[in-house]
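Only one structure is covered here, and it is reproduced in the block below.
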Amino acid sequence: MATTHFDGTDTPTSGELPAVGDTLPDFTVVDTNLGEVSLSDLKGKKLVLNIFPSVDTGLCAESVRRFNAEAAGLDNTTVLCVSKDLPFALGRFCGAEGLDNVTAASAFRSTFGEDYGVVLEGSPLKGLLARSVIVADEDGKVIYTQLVDEIKTEPDYASAIKALG
């Protein structure tokens, strides 16, 4: 079990992020059109997983905006933004913001959070996903991970993008 922080208070997660060098566990999440997206659908491209608690918080919304801006300049890369928000909320947000360089998806009916070790086990956000970033190569091998130490801070965008090569 890993630990992040919420307002400086230790907040355990349901497990550990996949380690650098590991193959990503398969997953299925739901996109904003209620279609299923699985890891196998994304093979052959590099993958950035932007994982966060809820797009209805300012910092989470900013992470989706920032990765959308970064994704515009990335070749052969999918940026998948995953939370437990309902697909309708994610779609409304991305539509209102004009975010079309990322794919927003919901883990509301999957074991994504448990399989990736990112379900928050404590704090007022218990049950939501911990802010984290995972980058994988075209074969699904993990090349970068970050469990953000304080939920109320942004991920290290530059390091995640740099890991793509």
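Using the three backbone atoms N, Cα and C, a Cβ is placed for every residue, glycine included.
Residue counts for the domain 'Thioredoxin' (18-165) by DSSP state, with H, G and I taken as helix and E and B as strand, are 40 helix, 41 strand, 67 coil. Annotated domain 'Thioredoxin' per Swiss-Prot: 18-165, in sequence order, evidence recorded as sequence analysis.
Annotated disulfide bond per Swiss-Prot: Cys60-Cys94, in sequence order.
With a cut-off of 8 Å between CB atoms and residues at least 6 apart in sequence, the same chain places Phe52, Pro53, Ser54, Ser83, Arg131 near Cys60 (disulfide bond), listed in sequence order. The active site, cysteine sulfenic acid (-SOH) intermediate annotation in Swiss-Prot covers Cys60.
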Which ones in the same chain are close to Cys94 (disulfide bond), with CB under 8 Å and 6+ residues apart in sequence?
Thr32, Val64, Asp100, Val102, Ala104
